[in-house]
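Asks: Would you mind keeping the following structure in view while I ask a few things?
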Amino acid sequence: MTQRTLLSRGALLAQYITLKSPLYATISPSLSQRLHRAMSSATSIPPPACLLKPYEVPHRYMFGPGPSDVPPRILAAGGRPIIGHMHKETFEIMEHIRQGIQYAFQTQNKMTIAMSGSGHTAMECAIFNTVEPGESVLMAVNGIWGERAAEIAERIGTHILRAKVNTIVTAPGCCFSNDEIEQALAKHKPVLFFLTHGESSTGVAHPVDGIGIDILYSGSQKVLNAPPGTAPISFSERACNKMFNRKTKPVSYLLDMSWLANYWGCDGKPTRMYHHTGPVSGFFSLRESLAILAETGLENSWKRHKEVAEYFHKGLEDLGLKLFVQDKNIRLPTVTTIVVPPGYDWKEIVAYVMKHHHIEISGGLGPSAGMVLRVGLMGCNSTKASVDMVLGALGDALKSCHKSK
């Protein structure tokens, strides 16, 4: 090895540590001195200047499809002193969360937990635990979440024996009839059928009457107004039978429900085993958000979101804007999709509203990209005052942003 090949002190150190004395014997005296100085120094990279001064996070109105604004009460809960993830108090909080999720989902499923991660984590948990290599699945795609579910399922198994992923697809802003679903089920005979109820990329609330739901999940950062990082999920007895009688282990250790069921005290065993370090502060916040939902009442929350959404929809139409989902009966009350007005650049509208009104709204996602603006009014943001704020900002943007002929 020549001196020319030792391009930097970092490379020199790495090679020295790897090869030890043979490398050291080949370097020149000057490089030897540099190496000695580098190794005798405690640090060679200075602390980043950006970390030596405080950072102020601006206040914004989070009216996009998530995350939503987090109320002070939930923020305060997340700031409580850390306790151990295996302490009895943490287990008590986890039990409160389990019961809160059961209330929110209106289920008595014993296998109800909160994932340590975002809604994507819960999606992967649901699919990875119930599908084995070579099995057939059916994904209903009416937005990005059906597309994501199909991609996740495709990753199961080896290159030779992957899951057999089938899809039924409808246009963004539309939904499937039960007859279409039944025909696809009869054709593909899947072990799992995936359907997005609240399709936030298109603004559709897909009807679920007549559809059996065995696994239900969501994210914490939307209507619950908790910080991102926990995801409620619940499994029926039928789903549990599929999960716990599989021939192969799930592809993910972290998401293995045989471990998570024990960590959450759902498996009936007297002792909980360490699996991973749960997000203790996230549990504090999630428990508080579920407490607020319990105090508010689920039916009151449904009613308020519906009324506020209808108020918002009328205001948009008064501005001359069009709603993307034409069928009023399937409009998602939490995330509204607005047709990008002709002649405008949606990116300019989003940027203008952020710059001049400190309001976050977003564009489309996946199949709706470039087609819509998305506005989320969820939880504490679901108020007529929030609607008036958004309408005022959009009206200002339509007057101020460039409109091509």
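Using the three backbone atoms N, Cα and C, a Cβ is placed for every residue, glycine included.
If you look up TrEMBL, you'll see 209-388 marked as domain 'Aminotransferase class V'. Residues or ranges marked as N6-(pyridoxal phosphate)lysine by TrEMBL: LYS222. Residues or ranges marked as substrate binding site in TrEMBL: ARG374.
So where do these features actually land, and what's packed around them?
Replies: In the predicted structure, the domain 'Aminotransferase class V' (209-388) carries a mean pLDDT of 97.
Within the same chain, residues at least six positions away from LYS222 (N6-(pyridoxal phosphate)lysine) with a Cβ under 8 Å of its Cβ are PRO65, GLY66, PRO67, SER68, SER200, THR334, GLY376, MET378, GLY379.
Counted within 10 Å of its Cβ, the other Cβ atoms near ARG374 (substrate binding site) come to 26, all protein chains included.
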